[in-house]
């Protein structure tokens, strides 16, 4: 074959091109180190660029600015509905009831200024349900609640006048330790602003607003809504939440592709990722929202929440100081787009209940979003998967017709691809395993260091992956030099490029099967494979070896894939590192970082061989890794700014004796915090236990009693109760009539020692299944109420009445205030659910 024919053959079938004569390995020049610099530069540029672009927030719009574009008035919502309502408002408190009255006045005032048809329901629905959210063992929990729903429901009738509706939901209660700004005051402010927007600019379909209460106590506001008559007409929902402090709001769970499509079709800054669904399914994020309740009720929708600075979530730092109007604007933009899009769409709000289903959705650097069905994902993946083999087969056939040497070239290319696949696959495994080992080492040398130093921890994992990458390639090159193992390959750069292409092809096959199983979070594999195809094509077409040619190939390979992965990395930074305080294993966070880092690093294998100097690169990366491990292992994990240690506060008070204990629990460094708040006498009473497997709890005695229990007279005035036996004809059954009245809380519970409660009745609510604990949550505070209950026993026994007090401002809980003011500045107080102080009374039944 002539040289011109060979040239044509190479251009026509680049993956089958074969040199006719053996060539010596390319000489290494002084430019090799420049290649490492260029690789590092591209890596750093895309990381910094991705972070800066994805972190941008929209400007908060005034009323006039929003009206001009029919947009969301974030500054107005911040000033009118958020900044003036920042007192803690736990569901059991009077402050909660005061906020509810403000909310009702605001809703009525807005509706009075417009002619739209509005219905307001403030009566609530009483119901009985099982606690499966706050219980330690959710599956075996037999704690039942009698709840008098306290939500504010508002229905704005659409211009069509039909009952089928779209639901907006946010909760107005807070956890006791929090001022409830991000969780969920911003959500309430967004809902009120959207309510005002719809009154001014009516939509076609009915929109229901569920300003729900008691979410923090067990998602009771959304559960109560499912018992309400309006619930049967809801065809889709948007739940607004806050699991952090400021930043962007993320559409992190979704089961309605139609609503997501409406949202992403708007010209606003998008932020969404299907990975959130899988993280919740795997239990790596230990939290629950109303989204779960609505989905279980057969309604598809979207969960929209803040997630950055989760260290401030459910703590005393959930205040205005740690958020801003631009964050509210971002959530409002997304929520308004979803609401108006769904409420004006002909195909979403219909007489038929749409099916909740998984699908693919993600954003590109927070600027725009992509959403498509899993079937579309499977089709796209399949087309791309078939394209390359089809092209190669066609090219081989065409070349065979024009050249008798094609079979030899084809066989050589196949052999090279197999060798490259083996090398790259081994590299992938080695990099991943070594990164995990380094992460595991850091959990032993400095547990929870990721909590306060995620950047340094991630840099250490990147250094570990880099070392494993170049060391593995050095090993392969050494084998080749010593044993001539890869004589059939032109060079390791080309061989590993073909191997990477083969590996990503197989990964895309795996992603396609995952999509069949309903998993959409592997969407990035499509772009990884596509980038590899482009890079190999550019490598084959350019033989100059000039920096601009191979650098262009590298950039083309990673310019889409890297930003997608960096977005996941930064999202993991913000959402996962502070979940360690909630019980997420630290190795799980290292695992995520290791997987993402391995995906980033494996793309660089061919370029490392191009750069050469593998022994020196291995030495340098190894020294850098050791240095970073030493630094990371020596740092204190907490700080006073973004990453304070979350200490779970709890106080127990004996109603009869007045004896009291307080406890602090956390993942790490609890004893230091407790010692800082106690006297020598109190410290001597300490008791340490392990709770929730990953948390240490330290309990000490305290004389600082809640205001309402400061003395015996105050105690008897605050909690008044009686338990009297009632005659019953049932054999071996004891029946009790209990009367309870508390002046400053709405929640109490009853436990019968060593016996389950088999029946209970309070007004129209009846419990007919066995319950170890019966918790009663009243709508009004201070009213006396009666509950009758039964338990199986031959003789009367004893029980415990527990009432929960959550107010601490204005000196109502001196122990909480003293602890808040005395703990080290690298820590802060937090509390999930309810019960800053629990007052226990032993009763004879």
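Glycine residues also receive a Cβ, built from the backbone N, Cα and C atoms like all the rest.
Look at TrEMBL and you will find 1-24 tagged as region 'Disordered'.
TrEMBL lists 33-51 (among others) with the feature transmembrane segment.
The domain 'Peptidase M28' annotation in TrEMBL covers 157-338. If you average pLDDT over the domain 'Peptidase M28' (157-338) in this model, you get 94.
Under the heading transmembrane segment, TrEMBL lists 379-397 (among others).
Positions annotated as transmembrane segment by TrEMBL: 418-442 (among others).
Within its own chain, the transmembrane segment (454-476) is flanked in space by residues 423, 426-427, 430-431, 434-435, 437-439, 442, 492, 496, 569, 573, 577, 590, 593-594, 597-598, 600-602, 604-605, 608-609, 614-615, 617-618, 621-622, 624-625, 628-629, 631-632, 635, which lie at least six positions past its ends and keep a Cβ under 8 Å from the stretch. What TrEMBL lists as transmembrane segment is 454-476 (among others).
Within the chain, the transmembrane segment (497-516) has long-range Cβ neighbours (under 8 A, six or more residues past its boundaries) at 15, 360, 374, 377-378, 381-382, 384-385, 388, 413, 416-425, 428, 522-523, 525-526, 528-529, 532-533, 535-536, 539, 602-603, 605-606. The annotation transmembrane segment is assigned in TrEMBL to 497-516 (among others).
Marked as transmembrane segment by TrEMBL: 522-538 (among others). Here the transmembrane segment (522-538) has long-range neighbours at 14-15, 274, 360, 362, 377, 380-381, 384, 388, 497-498, 500-501, 504-505, 507-508, 510-511, 514-515, 549, 552-554, 556-561, 564-565, 568, 599, 603, 606, meaning same-chain residues at least 6 beyond its ends whose C-beta is under 8 angstroms from one of its own.
Taken from TrEMBL, the feature transmembrane segment covers 550-572 (among others). Distant neighbours of the transmembrane segment (550-572): 35, 38-39, 42-43, 46-47, 49-51, 54-55, 250, 273, 275, 307, 362-366, 458, 523-524, 527-528, 530-532, 534-535, 538-539, 542, 589, 592-593, 596-597, 599-600, 603, 607, 610; these residues of the same chain sit at least 6 beyond its ends, with a Cβ under 8 Å from one of its Cβ atoms.
Look at TrEMBL and you will find 587-608 (among others) tagged as transmembrane segment. Remote same-chain residues near the transmembrane segment (587-608) are listed as 35, 39, 43, 284, 423-424, 427-428, 431-432, 435-436, 439-440, 442-443, 450, 457-458, 461-462, 465-466, 469-470, 473, 493-494, 496-497, 499-500, 503, 524, 528, 531-532, 535, 539, 550, 554, 557-558, 561-562, 565, 568-569, 572, 576-577, 579-580, 614, 617 (criterion: CB distance under 8 Å, separation of at least six residues from the stretch ends).
Counting same-chain residues at least six beyond the ends of the transmembrane segment (620-638), those with a Cβ under 8 angstroms from any Cβ of the stretch are 438, 441-442, 445-453, 456-457, 459-460, 463-464, 466-467, 470-471, 644-645, 668-669, 826-827. According to TrEMBL, the feature transmembrane segment maps to 620-638 (among others).
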